[in-house]
Amino acid sequence: MSDDTTQIEPAMAQETSPRANTRKVFVKTYGCQMNVYDSQRMADSLAAEGYVATDTPDDADLVLLNTCHIREKASEKLYSALGRLRKMKDARAADGKELTIGVAGCVAQAEGQEILRRAPNVDLVIGPQTYHRLPNALARVRGGEKVVETDYAIEDKFEHLPAPRREETRKRGVSAFLTVQEGCDKFCTFCVVPYTRGSEVSRSVKQIVAEAERLADSGVRELTLLGQNVNAWHGEGEDGREWGLGELLFRLARIPGIARLRYTTSHPRDMDDSLIAAHRDLRQLMPYLHLPVQSGSDRILKAMNRRHKADEYLRLIERIRNVRPDMALSGDFIVGFPGETDQDFEDTMQLVRDVNYAQAYSFKYSPRLGTPGADLDDHVEEAVKDERLQRLQALLSAQQYAFQDSMIGRKMDVLLEKPGREAGQMVGRSPWLLPVIIDDNKDRVGDIIHVKIVSTGTNSLIAQKLA
């Protein structure tokens, strides 16, 4: 879970269409890993139509903003960006040129026509379930329409999205995201996901394996399976029956070239025996698990409709660590949910101490329009939220630094991902997701090398290569 913004690198081949030099697209991505994946798939779809990616909106013919709706100020962040683009569009029009502006993602799904009302300079609004219709929607825009595509599609969008070209995948790196599940049926009272991403939908094993094999053939070594509630994945298996995520992981581990597997984000209620067995038996499944709990108070967990108690979460963590003692945990926390008392917050602090997280995200509660939480009374004062968040983040930061320090002296395998900032350096990824910096000018990106951790940096590890 993150509020980071990224942009899609200009990785699309230019020789595939006679129009390739005349249409350029800039994609700005806000929010989670699934939005990054979605932006890549939209870029792949546009590449098939002759669009070339650019790393700046200044020379783009099409600007797509792929939005996130998790945080309170997500919409205002969007409209601020659209205000800047309006000036750019007006300047283009004064020179007799065009700029097409599109809004995608969860804000697009949530607000739809309202975006066109507030920002008339927008030409296209498209929700996550209709990205396969993007080329057709743009054709309608070129015909003079203002297009809003936010209906939930009957057809399977993944069946209609073009596969990425091998060269494009190579340029994206040796680690890749692969969406296997979308939507959520849990309806936590604070969360907009069921309303913006819809009910849970699982891709078939056939689809997932085909995409994973294409990624492996293009040099991908590490796959992270994505879903709003990824461990609720239950797709049609190769034998015709319904599989769970544990079975899927065992199948993906058989693909040549795939050396590492991860998945995110999970719900405690959906950690079943098969998935725990995968953590025990699969060497490719990395010992790092993002398992949000949100609160350590049973009373608040019930108000959030989390469907589990704090002690059930702790027992689950114990089960996982019993089969994988080196497992590191990350989580999400919300402070200041309506009705949260001092004791409720202290229960959260105690749970954090009991789990001892390697990393966690924490936020002040902000009501999201249309969710049950927005209708709750007994709101916590902002000053109290601020104080609680500060205390929680101090504890989580101390745990994070202690976890990093515990790596010093340890030997581990590291997947090399890119050259470092300094000459002769490489940057890799540890099994626990931490970046690892190594003085190494002999190995290549995609190699897995054995190292010893000698010190820590800011959110990174420093290592020496072992013979």
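Keep in mind that glycine also has a Cβ here, set from the backbone N, Cα and C atoms.
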Range annotated as region 'Disordered' in Swiss-Prot, from 1-20, 141-160, 441-460: 1-20
Shell list ([4Fe-4S] cluster 1; ref centroid = CB of C32, C68, C106; cutoff 8 A): Y30, G31, M34, N35, T67, H69, I70, A74, G105, T196
For C184 ([4Fe-4S] cluster 2 binding site), nearby residues of its own chain (Cβ under 8 Å, 6 or more apart in sequence): C191, V193, P194, R197, S199, E200, Q228, N229, A232
C106 ([4Fe-4S] cluster 1 binding site): tally of other CB atoms within 10 A of its CB: 25
Other same-chain residues whose Cβ falls within 8 Å of the Cβ centroid of C184, C188, C191, the recorded [4Fe-4S] cluster 2 site, in sequence order: K186, F187, F190, V192, V193, P194, Q228, N229
Number of Cβ atoms other than its own within 10 Å, given for C188 ([4Fe-4S] cluster 2 binding site): 21
Assigned conformation of C184 ([4Fe-4S] cluster 2 binding site) - DSSP reduced to three states: coil
